[in-house]
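Down below is the structure, laid out as structure tokens.
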Amino acid sequence: MPKGGRKGGHKGRARQYTSPEEIDAQLQAEKQKAREEEEQEEGGDGAAGDPKKEKKSLDSDESEEEEDDHQQKRKGVEGLIDIENPNRVAQTTKKVTQLDLDGPKELSRREREEIEKQKAKERYMKMHLAGKTEQAKADLARLAIIRKQREEAARKKEEERKAKDDATLSGKRMQSLSLNK
């Protein structure tokens, strides 16, 4: 008999589909359960918390931090097991009033090196423009040599042009003299 000759395959049971009404009922049941758990947590704090509420108004900063710690949801097994790791740092949220924006900001090694590199480059460029670096002196010497060569080339061209003009003028004179005779 060929593979797949039977309908439905040989593994597993017959499929059962849940109706949309059953899905809605399950979701509502889960929401109700979550609400009851929240009410139990709030109710447990509220019954023995009347004296604490008065204390909270006096020490609001400390109590808010404690509430934040309790309200944070723990992931995975953290909620079931208390972990005492001295190396673990709990993340604490800082208020805007506690942030120190005016204080000196510590830079990483790479950032410090990058800033020092930029400052060194700026210093070098200032020295270069002033002509105090070896490279600037070499550039200025090279430019002076090029200037002299160009002046000499311009002078030679001028002399050649004058010589050519003199030759054409003398040639015209000779021609005009020969025509006059």
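Counting starts with 1 at the first residue shown.
A Cβ is built for glycine as well, from the same backbone N, Cα and C atoms used for every other residue.
What TrEMBL lists as compositional bias 'Basic residues' is 1-14.
According to TrEMBL, the compositional bias 'Basic and acidic residues' annotation covers 50-59 (among others).
As annotated by TrEMBL, compositional bias 'Acidic residues' applies to 60-69.
Residues of the same chain that lie 6 or more positions beyond the ends of the compositional bias 'Basic and acidic residues' (102-118) place no CB under 8 Å from a CB of it. The compositional bias 'Basic and acidic residues' annotation in TrEMBL covers 102-118 (among others).
Residues in the compositional bias 'Basic and acidic residues' (151-167) partition by DSSP class (helix H, G, I; strand E, B; coil) as 17 helix, 0 strand, 0 coil. The compositional bias 'Basic and acidic residues' annotation in TrEMBL covers 151-167 (among others).
The feature domain 'Casein kinase substrate phosphoprotein PP28' is assigned by TrEMBL to 85-162.
The region 'Disordered' feature in TrEMBL is assigned to 1-118 (among others).
The region 'Disordered' feature in TrEMBL is assigned to 151-181 (among others).
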